[in-house]
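Here the structure is laid out as structure tokens; the discussion comes afterwards.
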Amino acid sequence: MNHPICGDDAPSPTFPVARPRRLRYNPLVRELVRETHLSPRDLILPLFVRPGTGVRQEIGSMPGNYQLSTDTLVDEVGAARDLGITAFILFGIPEYKDATGSSALKDEGIVQKALRALRKAHGSDVLLMTDECFCEYTDHGHCGVLCDRGGVLDVDNDATLPLLADQCVSHARAGADVIAPSGMMDGMVRAIRAGLDGAGYTDVPILSYAAKYASGFYGPFRDAAESPPQFGDRNTYQMDPANGDEAIKEVAIDLAEGADMIMVKPALSYLDIIRRVKEKFRVPVAAYNVSGEFAMVKAAAAKGWIDERRVTLEILTSIRRAGADMVLTYHARDVAKWLK
Ligand code: PBG
């Protein structure tokens with residue numbers, strides 16, 4: 001079939017008054033008017049560290065992500081750094097678990113060791129963040145110590161706070177650059193800020209997981225970190241996915257308590273929350289593109305049902321467009337390679 005030459009046909013009687021397509025014909029113009037950009041510098045790569053040497057155990061539900069020992073972690077971070085990724089967040093799988101998560105507080109704990117090894121190998125070339133929580137360290141898998149609430153065990157908010165502060169101070173002592181508490185305890189930012197300041201770490205910023213939802217999207221992570229709750233759920237501390245105003249309240253509280261940056265988690269089903277938080281508070285906002293969001297893309301791509309690269313870049317761009325300044329994502333390495 002013969003097509004007419006574009007633009008040669010006479011203007012139609014219902015002539016468009018506006019032609020937004022004018023800015024879409026030329027790829028260079030499209031680039032010029034692009035509102036949102038994605039760079040490896042916006043991404044934070046989560047990493048899982050466990051005891052041992054030479055460990056590199058792929059996480060089944062998170063292809064391309066591994067449980068690593070400190071030595072292989074040093075290599076992994078070096079390789080990511082070569083791709084242009086500069087920020088990392090560490091999760092620890094400890095040697096032992098108990099009721100209070102005591103292995104989280106040890107200066108010889110797994111994350112503390114990893115911090116020292118990474119700092120020694122990579123100096124100030126890398127930004128090291130630490131996730132501050134107890135679910136990986138407690139034998140019951142909840143995010144703090146327990147108490148009896150009318151016959152049902154629940155996390156004891158106030159008894160958890162001093163332990164959380166101790167964990168953070170220990171991580172700061174081992175070299176953490178940014179402290180990121182994720183346990184959704186009331187008063188956690190204030191307790192941690194006081195702990196850090198009291199130990200002389202007045203300049204270590206806090207990135208608070210302020211609006212963290214009780215989400216089904218954390219499934220693969222709990223395999224990776226070996227941290228699923230052994231009974232019950234996290235509904236008494238993490239937020240109800242149905243709530244938006246409550247996220248604003250949580251963020252306001254954390255900022256008042258001294259949070260320097262705040263996080264919304266998960267990201268993809270909570271783009272409205274990212275946007276509301278950014279517009280209201282105008283502070284640095286992080287969004288966590290969580291394990292389940294990652295796994296869905298990987299699984300569909302493996303089946304040939306979606307174009308992994310295209311979908312991943314679209315998702316991360318949408319999270320940035322919603323208002324996130326930085327994105328925690330297991331796709332960070334893939335993205336850095338694609339953008340090269
Ligand atoms: C808690 C924590 C969790 C995640 C990050 N920090 C799990 C949870 O709250 O159950 C999930 C991250 C992900 O799914 O990628 N330490």
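Even glycines carry a Cβ here, placed using N, Cα and C.
Automatic, uncurated: that is what TrEMBL annotation is.
In sequence order, Ser182, Met184, Gln238, Met239, Met263, Lys265 are the residues of the chain that are 6 or more apart from Lys212 (active site, schiff-base intermediate with substrate) and have a CB within less than 8 Å of its CB. Summarising the annotation, TrEMBL assigns active site, schiff-base intermediate with substrate to Lys212 (among others).
What TrEMBL records for Arg222, Arg234 is 5-aminolevulinate 1 binding site. Mapped onto three states, the DSSP output places Arg234 (5-aminolevulinate 1 binding site) in coil. All chains included, 20 other C-beta atoms sit within 10 angstroms of the C-beta of Arg234 (5-aminolevulinate 1 binding site).
All protein chains considered, the CB of Glu250 (Mg(2+) binding site) has 22 other CB atoms within 10 Å. Marked as Mg(2+) binding site by TrEMBL: Glu250.
Summarising the annotation, TrEMBL assigns active site, schiff-base intermediate with substrate to Lys265 (among others). Lys265 (active site, schiff-base intermediate with substrate): 25 other CB atoms within 10 A of its CB, across all protein chains. The DSSP secondary structure for Lys265 (active site, schiff-base intermediate with substrate) is strand.
A C-beta separation below 8 Å, combined with a sequence spacing of at least six in one chain, links Tyr330 (5-aminolevulinate 2 binding site) to Leu45, Pro46, Met62, Gly64, Asn65, Asn289, Ser291, Phe294. The annotation 5-aminolevulinate 2 binding site is assigned in TrEMBL to Ser291, Tyr330.
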TODO: Go through the recorded positions Lys212, Glu250, Lys265, Ser291, Tyr330 and pull out the ones with a Cβ less than 6 angstroms from some atom of ligand 1.
DONE: Ser291
TODO: With a 10 Å radius around each C-beta, find which of these binding-site residues (Arg222, Ser291) has the fewest other C-beta atoms nearby.
DONE: Arg222
Open item on the list: Under DSSP, is Arg222 (5-aminolevulinate 1 binding site) part of a helix or a strand, or is it coil?
Closed with: helix
